Amino acid sequence: MSNTDYEEKAPDAGSVEKYGVHIDSSPVVAGAEHRFDVASIDVVQRRLKQRHVQMIAIAGTLGTGLFLGSGQALSGAGPVGALIAYALVGTVAYASLCSIGEMTSHAPISGTFPHFAARWVDPALGFAVGWNYFYTNVVSVPVEISGAQLLITFWDSNANHAGIYTAVIAVAVCAINIFGVRWFGEAEFMFSLIKLSMITGLIIVGLVIDLGGGPNHQRLGFQYWKNPGVLSGAGLEPNHPSLDKFLGILSVLVQAAFSFQGMEIVAIAASETENPRRNIAKAVRRVFYRICIFYMLGIFVTGLLVPYDDPSLLHSTGTAAQSPYVIAMTRASIKVLPSIINAGVMTSAFSAANSFLFCSSRILYGLALRGQAPRFLAYCTNQGLPIAAVLFSAAFAFLSMMNISSGAATVFTWFVNLSTVGGFFGWASINLTYLYFYRGMKYQGIDRKQLYYWSSLQPYLAIWGLSWCIIFIVINGFWVFWDFNPSDFFTCYVNIPIFFGLYFFWKIIKKTKIWKPEEMDFVTGIPTVEETEGPIEPPVTVLQKIAAVLF
């Protein structure tokens, strides 16, 4: 996509401007009962800089899904099948990012897309999306902590030490978030640099090995694309090879979607970002291309290094030993890099836990601000940290201790499986909310092109993203129908009735309604451009100019 699809600018001097948009008619103001204006109690502070926002987004997406999960994607669909799946999911992630980027450019406030859903679609949808997304993220915190502990077994396989490692990691993750958003931003900035350096190094080393530059000087080329081939099957329809290969791509679609989830964190952090409208616009434009390039190149190189039917890909260790890159390096007689890769992947898991805790606490804080969660969770410190929401969310990190006991681990796994499609509901709600947002802005005569960020491909991107998110939710557990098991079916699809149960619960209790275009409030509680955007300071030194290009 070319840069001509976007515009980043301040409103024209001659326009009638309020809250960052051009208004041609009297704005709609909602009643106090909707709690759209919470400025008196929303006291978070804007401490994140542009470099933090961009790198936080990358840190939330580049992780074990790429470093370790790429092997599963390769075995599931083959090298070309995995590329197709990741490319398709990339377009859905792009659509969701454009949608939330534009809405956040208009309203960089706490609560982000659950609040947008409540404000422009239906308060009941905001309630359902908010609690569903909170649960999805807060349960992912102990999952990533457990993953980080498992990666340590690459060096120390003593099971008696598992509890110590798990507790230390959990405390460290909680401490970073409790210290404040600036500490969180700096930590994620460093983790992101490590991830980007590692994936760049892996791609380069992978290409060197493929071209015969390894110690064994064996040139691989595209031989694995010829034998065993470019497409793998799911193993569900062995008598129908073409159908089986299609099902293989479907299975990787779901996995790829999980790998891409997390980019919406740039919007969640908007209320704590300096110059949010301008910086979120830059982040949305730049972050996706970087992630897409890293993912697509990473998957492409993976398909060159290891055949999809390699038995090592099917041996799940939870450590770097199952990475296709490590498998290829081991066979190329490269002995030092596997430990370095495992250390990098461990920091990725730690970073992901950090990001999930940040997301869950801010979503919970946004719900509390607007009366959809207990009021005490909206309490902030003098430094603008929503400490009550952070501590409540941090308590879930210690669920990772359940994995030490085999019996508790079973319960823990069951809870994790319940959240499998939570991220898909989040993406779907973002795109659905944008369609309402687009319609309301158009009806009320508000010019989207006056926003700091807008996409000329809307609303078609949102329609595309919403359609595919629904498909992802439906096919999430398609494999259970070949060997039906009530327990597997339940864990794959129970999120659907839970989500709609939350929606109808709030709708019935509060008697909410779906907003009509003429009723949508685009003003209340939304800070003006003058309140959020400071003057642009052009880079002067060489380092500042380099940073301006990179960040």
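Numbers here mean position along the shown chain, with the first residue as 1.
Placed from the backbone N, Cα and C atoms, the Cβ positions cover glycine too.
Curation does not apply to TrEMBL; its annotations are automatic.
Taken from TrEMBL, the feature domain 'Amino acid permease/ SLC12A' covers 52-514.
Per TrEMBL, the feature transmembrane segment maps to 55-74 (among others).
For 80-100 (among others), the entry in TrEMBL reads transmembrane segment.
The feature transmembrane segment is assigned by TrEMBL to 162-183 (among others). Listed by sequence, the residues of this chain that lie at least six past the ends of the transmembrane segment (162-183) yet keep a Cβ under 8 A from its Cβ atoms are 44-45, 47-48, 141-142, 145-146, 148-149, 152-153, 156, 269, 272, 350, 353-354, 357-358, 361, 383-385, 387, 390-391, 394, 397-398, 400-401, 403-404.
According to TrEMBL, the transmembrane segment annotation covers 189-209 (among others).
What TrEMBL lists as transmembrane segment is 287-308 (among others).
Per TrEMBL, the feature transmembrane segment maps to 340-364 (among others).
TrEMBL lists 376-399 (among others) with the feature transmembrane segment. Below 8 angstroms of C-beta separation, residues 41-45, 47, 134, 138-139, 141-142, 145, 167, 170, 173-174, 177-178, 180-181, 272, 353, 357, 360-362, 364-365, 367-369, 412, 415 of the same chain, each at least six residues beyond the ends of the transmembrane segment (376-399), sit close to that stretch.
Annotated transmembrane segment per TrEMBL: 411-438 (among others), in sequence order.
TrEMBL lists 459-482 (among others) with the feature transmembrane segment.
Taken from TrEMBL, the feature transmembrane segment applies to 488-506 (among others).
Comparing 189-209, 340-364, 459-482 for CB pairs under 8 angstroms to the transmembrane segment (287-308), the maximum falls on 189-209.
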